[in-house]
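According to TrEMBL, the protein carries these features:
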BINDING   ASN12, ASN74, GLY84, ASN85, ASN159, ASN191, GLU209, ARG210, GLY219, THR220  substrate binding site
ACT_SITE  CYS83  active site
ACT_SITE  CYS83  active site, proton donor
ACT_SITE  CYS218  active site, proton acceptor
Amino acid sequence: MYPFLKGHGTENDFVLLPDPDGTVHGALSAERVRALCDRRAGIGGDGVLRVIRTAAVGEPGVGQDAEWFMDYRNADGSISEMCGNGVRVFGRHLAQQGLVDPATPVPVATRAGVKVLTFAGGAADGEITVDMGIAKVLEETAVRVGERQWSALHVDMGNPHAVAFVDDLADAGPLLDAPGHDPAVYPAGVNVEFVVRRAPGHVAMRVHERGSGETRSCGTGACAVMVATALADGAARDTAYRVDLPGGTLRITWTADDRILMTGPAVVVAEGATDL
Ligand SMILES: N[C@H](CCC[C@H](N)C(=O)O)C(=O)O
């Protein structure tokens, strides 16, 4: 048996695996990740967050400029560079375990670089703001669901996104299969977001995540949505956007120095042991 915890950020939920020195799970197989995320035969989750010291990772490009590394895996076992909701839950766990001090900014290493977390409350309460870094705005592309097609904007938040504005969030129907996309634009797959405007500075979205299917929320996706909307609106920098998702609300700002700040909740709901 080995320990796990369960947590979520706006109902994007994760299985956390404490593995500080990397000796519990070794390479952490895709098969184990799938078993853990299985909502019937396993614990259930949109992904796995392995909690490992950066010094124990040994992956190229994972710098030593943060003590902890978030080893993120999608529910299908695939690796992604970054998870916005996940990094807030990751930080909540570190603070609750007394492994970091929530009174000061907390750097977390990821495959998309170091993200710095700022806690509004203490270790166990209050929202968390993540400096998500610089958004890369790339080309116009398209996504297809069934017979429908929409133009979309390719935004890179460390992971790939296609943001499509729709008239009604139901237009995309039951997002059971991955929306079609141009493999030349997204050779490693893509997270697809459908957005409607609610009011100035206020949008609502649904998301089909690469490697996890439709989820209740996607932090990097909400950032990509905010960037696409702010560009379309011609919004000034430092304009705060409210992004409503099926699982909750995130607040996102594109700062004057071009960084994306995302603020939202993070909760650890359970802990246990498993031999999955
Ligand atoms: N499925 C995404 C990773 C998780 C992103 C999402 N859960 C978030 O909160 O950013 C991908 O393969 O790029």
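Heads up, the Cβ atoms here are built off N, Cα and C, so glycines get one too.
The model shown is predicted, which means the values in this text are computed figures rather than measured ones.
Listed in sequence order, the residues GLY47, SER80, MET82, CYS83, GLY86, VAL207, SER212, THR215, CYS218, GLY221 complete the 8 Å Cβ shell around the substrate site centroid, once ASN12, ASN74, GLY84, ASN85, ASN159, ASN191, GLU209, ARG210, GLY219, THR220 themselves are left out. DSSP classifies CYS83 (active site) as coil under the three-state reduction. Around the Cβ of ASN12 (substrate binding site), a 10 Å sphere holds 31 further Cβ atoms from the protein chains shown. Annotation note: ASN12 (substrate binding site) sits in a strand segment as assigned by DSSP. Here GLU209 (substrate binding site) comes close to ASP46, ASN74, ASN191, THR215, CYS218, GLY221: these same-chain residues lie at least six apart in sequence, with C-beta atoms under 8 angstroms from its C-beta.
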